[in-house]
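Below is one structure, written out as structure tokens; comments come after it.
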Amino acid sequence: MAASFSVPSMIMEEEGRFEAEVAEVQTWWSSERFKLTRRPYTARDVVALRGHLKQGYASNEMAKKLWRTLKSHQANGTASRTFGALDPVQVTMMAKHLDTIYVSGWQCSSTHTSTNEPGPDLADYPYDTVPNKVEHLFFAQQYHDRKQREARMSMSREERTKTPFVDYLKPIIADGDTGFGGTTATVKLCKLFVERGAAGVHIEDQSSVTKKCGHMAGKVLVAVSEHINRLVAARLQFDVMGTETVLVARTDAVAATLIQSNIDARDHQFILGATNPSLRGKSLSSLLAEGMTVGKNGPALQSIEDQWLGSAGLMTFSEAVVQAIKRMNLNENEKNQRLSEWLTHARYENCLSNEQGRVLAAKLGVTDLFWDWDLPRTREGFYRFQGSVAAAVVRGWAFAQIADIIWMETASPDLNECTQFAEGIKSKTPEVMLAYNLSPSFNWDASGMTDQQMVEFIPRIARLGYCWQFITLAGFHADALVVDTFAKDYARRGMLAYVERIQREERTHGVDTLAHQKWSGANYYDRYLKTVQGGISSTAAMGKGVTEEQFKESWTRPGADGMGEGTSLVVAKSRM
């Protein structure tokens, strides 16, 4: 008789702790925060991926704050409006007026990569580039929050009452591009974002190999299922870390012209095929390969491609079926009935696969249709894709099962597109939040809007559900404009250009960098010195002799021509 096995108490305790943590995760997931989230994994999977040392992340507090902020805007039909911040100066100025912060991959790619090698937004920089910028800004936010607290607690109650409090801890949403590779790359990227301070992350559905800025040509989508895998990887990593990081799913399906594969049936209705039977067996890629073997390149190869595409009769399968029905030798009533039946069943909402479409077409008498989606494939093997708002909506429905916010990248500030997308998304996922890129890549003056319509654009689409809106590169453009115009004037007028354009303007508008020593925290670290040394320090940075005292004094300024009567000015203390 075999001896009975006695489970050691340590094993029982281990299992007990594991099951207790699983129960905690299940309770967490059942909260209001995750009522729309559908995970393809279990709480046991998550806990099994965790270590024994529990860690808390400051970014999680910011994520909860971001969620509250955005849900409040969604409920009120308003929007959190923000823009891409370049540096600590910008992020502290933004804190006085805006309730979220954006970190742009484009700005990082062009101004601040991990290798210091600038370039366009092709997501070819090291994958810690944007997390590093997030940390840069998040550290600055925390520092200025500490600095402000020290300053306020050095004031009397009356002084504090008169001094506006600035919430420097505004949640940061960061650009995760395409996730930077396979599943494990996305997991590690998201881990970095949580550790570095991001409250939210967006991931887009372009191919990571051919990634482009959302307003460049040549964009290649991945299959719906592949992008869902990216989003699941991100959500899983956030769950493993125990954070409520806000996940934004971006789709480039409106302007994309290519897609990596046809593996997902939800993509089928938007893939283009050749309808010219004379091209049977003459694929574009084979013709280009033949041209290259005989030494053709550049314009010659482009000519081959242009001629082939011009003769291919490219269209979607649905469009090809419609054309085939119209060519049938039937009376008009019968044609219209068949067209109506086809168009009803082939609506984009139904996501017919190509196989399902062929079966339905055959029932309607379309049995000899020539339509081939392999013939037009590119040299790289990509399929031709018909981008549209409908394609973006289909993807948005799928992504909304995992992501918290859906963002459709657009080519122009088109209110009709915004409306079509919002109504489409809400027809199946009415509670999901929407985001909109108020892109500086748009020529807003060429949009046809009046100045008043531009003023109304943000609140108008906010009422459609776009509760997070952002100008990706406003920090970059503002920086360039100020420095370019100042440098030009400074070269001509010297110090007067600085005084007129910057110093006096800082004073007029109460910009706290006027007293830049104070802004940088010299007083704050003087407090450290004095605390360490018993309340006094002969080496305090803001002690006697600091030139910043000049900004607290009265002085007489000569007239504009240097000869007239002086004007007595009292400079107010700069804001914190």
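The backbone N, Cα and C atoms fix where each Cβ goes, glycine too.
These numbers come from a predicted model, not from an experiment.
Pulled from Swiss-Prot:
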BINDING   Ser104, Gly105, Trp106, Gly214, His215, Arg250, Asn437, Leu438, Ser439, Pro440, Ser441, Thr472  substrate binding site
BINDING   Asp175  Mg(2+) binding site
ACT_SITE  Cys213  active site, proton acceptor
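Feature annotations (Swiss-Prot) mapped to structure.
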| residue | record | DSSP (3 states) |
| --- | --- | --- |
| Ser104 | substrate binding site | coil |
| Asp175 | Mg(2+) binding site | strand |
| Asn437 | substrate binding site | strand |
**OP:** Could you state the whole-number distance in Å separating the C-alpha atoms of Asn437 (substrate binding site) and Asp175 (Mg(2+) binding site)?
**Re:** 12
Original post:
Which residues in the same chain, at least 6 apart in sequence, have a Cβ under 8 Å from the Cβ of Ser104 (substrate binding site)?
Top reply: Gly84, Asp175, Thr472, Leu473, Gly475, Phe476
Subject >> Site with most surrounding Cβ atoms, counting all protein chains shown within 10 Å, from the binding-site residues Trp106, Asp175, Asn437, Ser439 >> reply: Asp175
Subject >> Neighbouring C-beta atoms (10 Å sphere around the C-beta of Ser441 (substrate binding site)) >> reply: 14
